[in-house]
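S.K.: Let me give you the structure first, and then I'll get to my questions.
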Amino acid sequence: MSGRLLAAGFRLPRQAAAEGRIDLAKFTSVPRSSHSQRYALQRIYTQNHPARLFHASISRQSRSRFGPSKSREQDLKAADGQEELRPSRKEKRRERERRVQERLNLTEDGKERSQKERSQKERSQKQDQSQNGAKQEKTRRVPFKVVLAVGAGFVLWQTWKGVFAAEPLNGQTFSPFEIVDQQQISPTAFIITVKPVISRWDPLSGQAKLEWIDNLQRELSRAGTWAVEIKQPELQVARDYTPLPYDEPSTAHEDGTQDRARSFFFSQPTSPTMKFLIRKTDGGEVSSWLSRRKVGDTIELRGPHQSFNVVARVGAEDGDKRVVFLAGGTGIAPALQTANSIFQEHQQTMKQMPQVDIIWANRSREDCRPENPIIKLLEQLKQESQGKISYVCTVDEDGTFITANDIIAKAQLESPKQAQKPTASPRKSWWFSASAGSTQANAAQLEPPTQSTGKDETNCYFHSPQLLVASAGEDYEKINGEKRNPKWKCTCWKKVDGVDLRIPKFKNLLMVSGPEGFINHFAGPKYWADGKERQGPVGGVIGQLAKKYPSLTSDWLVLKL
Ligand SMILES: Cc1cc2nc3c(=O)[nH]c(=O)nc-3n(C[C@H](O)[C@H](O)[C@H](O)COP(=O)(O)OP(=O)(O)OC[C@H]3O[C@@H](n4cnc5c(N)ncnc54)[C@H](O)[C@@H]3O)c2cc1C
């Protein structure tokens, strides 16, 4: 077959060349071995010559014998006009080039795509970055939101704490108390009894709240003087008022002893209520408003505000210490607190209890009647303390005023001449008995001072008259805004047989409480400095007495309330 084809293939171009239709020189370079090239010659021939029919017949023959190749069939079809001719080499090359180009284009496209992708990627990266930035911004914003949320939560919590979760009585917010009793004891004075209002929002149960108030009063009444503020809501002003000693229930101790139950006002000793003795002052903003309150009304209290730690100041050295209290009118309330706290402190050691003498000055006779609950209370304290607490009631109407002689008598002041007289050797306290054997040995036991303060009493906060002048009566450290603990430990030093020992040099107390004029008359005025009312130097009647009786300066502290 190939021979015939070849013959046909070469004969036809020659004939065509003879007829001048093709240039055979062109075909010399065509390798004969290549079937495709030979076929290309045929194509050239048949394209331009009617002899294609011959070619078609040959093709038909070969097709019948071997079956047409696909390309040949295409050619035949093309010859028959049914199909397009197979692509020439050039076309193929073009096609190839095109494909290459396409591929290149593709690559370029790819490149483009990759570029696009890259740019897209970059864009997406940028987007991502921007998103990340946004996220970062978000994350940056999140803490801000968190801060806001925390801040809002804190404010809410503080509000909740302040309004609902605060202690039933605290120094920051006013707490509602209900008036459960009101007792008129004289034309101008009355006692109100209040108990905390129980709200369903309270974190403490009703009973727990009452117990809390009970414990607070018990704790405070053992230290010294304290007061709470009562608010006048219409004018938004508040004044200090002194709670009366509360009813003390019976308490059992580990050593088997038991404190007696004390009930000043109620048959039932345990009554978690607070009582105030209030005098209505003409034109007074708060006292007048309080006098118009009825049982069932609500008043608002803030505190407690502790002032003098009388137990720490008077001490319990030998039982020979004295407290003289000059009280004018409602000034009896801190006098009762003082007597009660000293009595509480020494209930188990009555021998060491200082003598407490109260001189109560009143304007009207009515205030000193035995039916007056305050007189009853004083009487009860007197009896329970076995005379260690005593009281005298003076009435202006009767012309019985407190005089300088009363102070001298109660304080048992001695003039220097009397003081020079030989006296019995002083009784020894447990501090002295501890140093009875070897003073040096016991000195070490009692922690001798690392720096010798010697006789310098000015460093002793509780017992120094010099430090007391500028004191605002703040004997307690603030804990959570409340004054609860003694502010300073006493660092008084006392020389025993030439050795400095850490022994508090206790002082007698001469306390003056009442209206401003009363205090000014007996102890001289207080003064204001740095927003606080200071004790000021001792003046008035006591100041005059101190000139005559030096022991009033050396052995006594004058406290103004
Ligand atoms: C620690 C402490 C504890 C206290 N404890 C008690 C207590 O237990 N019981 C008690 O009753 N009191 C107590 N007081 C006193 C109490 O705080 C009040 O001072 C008292 O009740 C008078 O207050 P008020 O608002 O009624 O009178 P305020 O309005 O303060 O008036 C006081 C006086 O000044 C006069 N006055 C007021 N404004 C004027 C003016 N513009 N011009 C001239 N005169 C004026 C009034 O007529 C009145 O006589 C205590 C005080 C302190 C500091």
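Just so it is clear, glycine is given a Cβ too, placed from its N, Cα and C backbone atoms.
Whatever TrEMBL says is automated annotation, not expert-curated.
Feature annotation from TrEMBL assigns region 'Disordered' to 57-138. Residues or ranges marked as compositional bias 'Basic and acidic residues' in TrEMBL: 70-88, 97-126. Here TrEMBL flags 172-311 as domain 'FAD-binding FR-type'. As annotated by TrEMBL, FAD binding site applies to Leu277, Val286, Ser287.
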S.K.: Taking the binding-site residues one at a time (Leu277, Val286), which has its Cβ surrounded by the most other Cβ atoms within 10 Å?
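M.R.: Result of the Cβ crowding comparison: Leu277.
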S.K.: Looking only at the domain 'FAD-binding FR-type' (172-311), what is the model's average confidence as pLDDT?
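M.R.: That stretch averages a pLDDT of 84.
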S.K.: Are there any residues at least 6 positions away along the chain from Ser287 (FAD binding site) with a Cβ closer than 8 Å to its Cβ? List them or say none.
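M.R.: Sequence-distant Cβ neighbours: Arg239, Ile278, Arg279, Lys280, Thr281.
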S.K.: List the other residues in this chain whose Cβ sits within 8 Å of the Cβ centroid of the FAD site residues Leu277, Val286, Ser287, in sequence order.
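M.R.: The surrounding set, listed in chain order, is Ile230, Arg239, Tyr241, Phe276, Ile278, Arg279, Lys280, Thr281, Gly284, Leu290, Ser291, Thr330.
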